[in-house]
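Reviewing the structure listed below.
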Amino acid sequence: MPDRIAITVNGQAREVAPGATVAALLSAIGLDVRKVAVERNEEIVPRSTYAEVALAPGDRLEIVHFIGGG
Amino acid sequence: MDGTPATAGDDTWEVAGRRFRSRLIVGTGRYKSLEETAAAIAASGAEIVTVAVRRVNLSDPKAPMLQDYVSPKDYTYLPNTAGCHTASEAVRTLRLAREAGGWNLVKLEVLGPPPYLYPDMEGTLEAAKALIADGFEVMVYCADDPVAAKKLEDMGCVAIMPLGAPIGSGLGLTNPFMINAIKKQCRVPVLVDAGIGTASDAARAMELGCDAVLLNSAIAHAKDPVRMAIAMKAAVEAGRNAFLAGRMPWNYQADASSPMTGLIR
């Protein structure tokens with residue numbers, strides 16, 4: 001088992017511990033889970049499942065929020 | 001906030017079962033600061049605000065967020081698909097928006113290339129179909145094309161939003177006849193979205209019978225956004241009242257306002 005696994009978050013390479021969940025990733029980044037949404041490999045990750053969804057090598061995540069727009 | 005209950009006699013409007021008093025929807029983009037955004041939006045009296053969905057800045061996760069200044073508790077958030085040029089990008093964006101906010105009511109826009117960012121109606125129709133099938137309530141930005149507007153309405157879009165002029169152009173209503181034609185044929189609300197430059201443009205859209213107006217740059221890019229927000233609020237109300245009042249006929253000759261009898265000799 002490797003020490004770290006490689007994933008991509010918002011287009012940036014990142015490493016997380018094997019078995020790390022989406023909740024752990026958001027916490028490590030320092031984001032308020034109530035204000036963001038997460039997509040993993042182009043599938044929505046429901047907020048209620050953040051603590052259960054484990055990240056896998058090569059996962060591509062998008063973490064978004066609302067900003068000003070017209 | 002999700003609309004307010006209407007009382008009899010109020011001039012309210014309804015979209016997707018939600019009732020609103022303000023007929024001005026404003027964007028939250030292009031302001032100098034989040035403070036200015038909040039002040040201008042409050043001054044506009046808007047109850048619905050459009051918002052964009054973008055990547056979080058991972059290097060500054062604690063940066064102030066729009067929601068801290070324009071609270072979804074106070075305003076109905078209308079997530080948009082600005083920047084999307086294909087149906088699949090738009091659908092993906094709004095699925096994320098729904099997860100972020102829990103709202104089904106969305107603004108769909110699928111745009112053609114610069115310099116006009118004119119609505120891509122093929123992509124718009126494709127995205128609208130997919131979104132409606134997925135349970136979204138779609139307010140749709142579209143060309144001032146009555147045929148396309150009818151297709152979107154028949155498909156189940158909850159509001160039809162033709163452009164007055166290209167996004168951010170401030171050119172006003174370049175084709176008022178077609179806006180009027182779309183309004184006349186639609187059963188769902190019709191809003192002019194994009195192109196409004198100043199208060200008289202917003203009033204004109206309302207005088208044509210539109211249910212509401214959606215604008216962003218006209219306020220955000222004014223020299224004094226808060227004052228322009230006040231102007232837009234008044235213009236939309238004035239235009240709405242003028243529409244309800246029913247304007248006098250056009251008359252291509254004079255018709256004196258003062259009595260022609262009893263003149264001194």
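Numbering starts at 1 and runs along the chain as it is shown here.
The backbone N, Cα and C atoms fix where each Cβ goes, and this holds for glycine too.
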Candidate sharing the 1-deoxy-D-xylulose 5-phosphate site with B:ALA194, B:GLY195, B:ASN216, B:SER217 (per TrEMBL), from B:GLY156, B:GLY168, B:GLY246: B:GLY168
Integer mean pLDDT for the domain 'Thiazole synthase ThiG' (B:15-259): 96
Cβ-based proximity (under 8 Å) of the recorded positions B:LYS107, B:GLY195, B:SER217 to chain A, or none: B:SER217
Residue among the binding-site residues B:ASN216, B:SER217 whose Cβ has the most other Cβ atoms within 10 Å: B:ASN216
Neighbourhood of B:LYS107 (active site, schiff-base intermediate with DXP) by C-beta distance under 8 A, where only residues 6 or more apart in the same chain count: B:THR50, B:LEU78, B:PRO79, B:ASN80, B:THR81, B:MET139, B:VAL140, B:TYR141, B:MET161, B:ASP193, B:LEU214
